[in-house]
């Protein structure tokens, strides 16, 4: 991958964000997702690359495009693997709430873990805590370590947790330490990445979310030098989700084994989930969030706010783009 390709990857998430933003607040989460998928796929098709979707909208028979294994791009050029979530936080987008974004991770071939559509226990923390906090430790232990690493009192720490029934005990434990809990309804990718930047007011992400999004978070945190660990969750009693109402622990283990995952309890580091030589994260806000603004529509232009993080040159670039409409008469500076 080179800088030209990275610029095109940025445009992929910008176009997906704009497409979804036209449906923000209309209560149409499926339509918003479909619009983002179509826009992302269309822009990817214009890139000189041999692209491949390793994490996408589902298996080939489950999704019309951006399905797992789909080839994208011109068919010539560098081989690139993608993990995509064209509209992360579809409910947030549908209800015009904070935190929805178009997001992807990219790497050279074989550089992204092909995560199954399972749940994942996650731990994200700032670079100063990398290798010191550990997903095997209790929330209390990790909070005390985090306090020491950041030079903050425990009461000054904010821990982000998905607002789910399965996290009732975790939230109680965090609050018992004196740390603050910030529950989120959806969209833990942006929350995880925010832990990698000072000044966001977010210091740690704990709890269980979707495994595919864990790979995207890991790619960003690896490029930032932040801490990220993930462990697949296969026990329905732990996941506590209606989606697994008919599943069993033994059945899920068998499913993982069929996918080639025999060590079902393995703890994955960021460098294992995103192991490529060149790893890129790109995200563009659909609605306002922790890291960037959402799409803004104006008479003569559309504005997007995005972030690209790359191991190629060890940079994190925040980009505000003005997409000028045909026949525009005047463009405000901001």
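A Cβ is built for glycine as well, from the same backbone N, Cα and C atoms used for every other residue.
Annotation comment: Swiss-Prot describes 33, 57 as Mn(2+) 1 binding site, evidence class similarity to another entry. According to Swiss-Prot, the feature Mn(2+) 2 binding site maps to 85, 88, 213, an assignment based on similarity to another entry. Taken from Swiss-Prot, the feature substrate binding site applies to 88, 89, 90, 119, 164, 165, 166, 186, 187, 188.
Location within the structure of each feature annotated in Swiss-Prot.
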residue : record                 : Cβ within 10 Å
33      : Mn(2+) 1 binding site  : 22
57      : Mn(2+) 1 binding site  : 21
85      : Mn(2+) 2 binding site  : 30
88      : Mn(2+) 2 binding site  : 29
90      : substrate binding site : 24
164     : substrate binding site : 18
166     : substrate binding site : 16
187     : substrate binding site : 28
213     : Mn(2+) 2 binding site  : 24
Setting 85, 88, 213 aside, what same-chain residues sit with their Cβ within 8 Å of the center of the Cβ atoms that define the Mn(2+) 2 site, listed in sequence order? 89, 103, 187, 189, 210, 212, 216
Between residue 88 (Mn(2+) 2 binding site) and residue 33 (Mn(2+) 1 binding site), how many Å separate their Cα atoms? 8
Provide, as an integer number of angstrom, the distance between the C-alpha atoms of residue 187 (substrate binding site) and residue 213 (Mn(2+) 2 binding site). 9
When distances run from the Cα of residue 166 (substrate binding site) to each of the binding-site residues 33, 57, 85, 213, the nearest one: 213
To the nearest whole angstrom, state the Cα distance for the pair residue 33 (Mn(2+) 1 binding site) and residue 90 (substrate binding site). 6
About how far apart, in whole Å, are the alpha carbons (Cα) of residue 164 (substrate binding site) and residue 213 (Mn(2+) 2 binding site)? 17
Mapped onto three states, the DSSP assignment of residue 57 (Mn(2+) 1 binding site) reads coil
Residue 57 (Mn(2+) 1 binding site) to residue 213 (Mn(2+) 2 binding site) - Cα separation in whole Å: 12
Could you give the Cα-Cα distance between residue 213 (Mn(2+) 2 binding site) and residue 90 (substrate binding site), in whole Å? 13
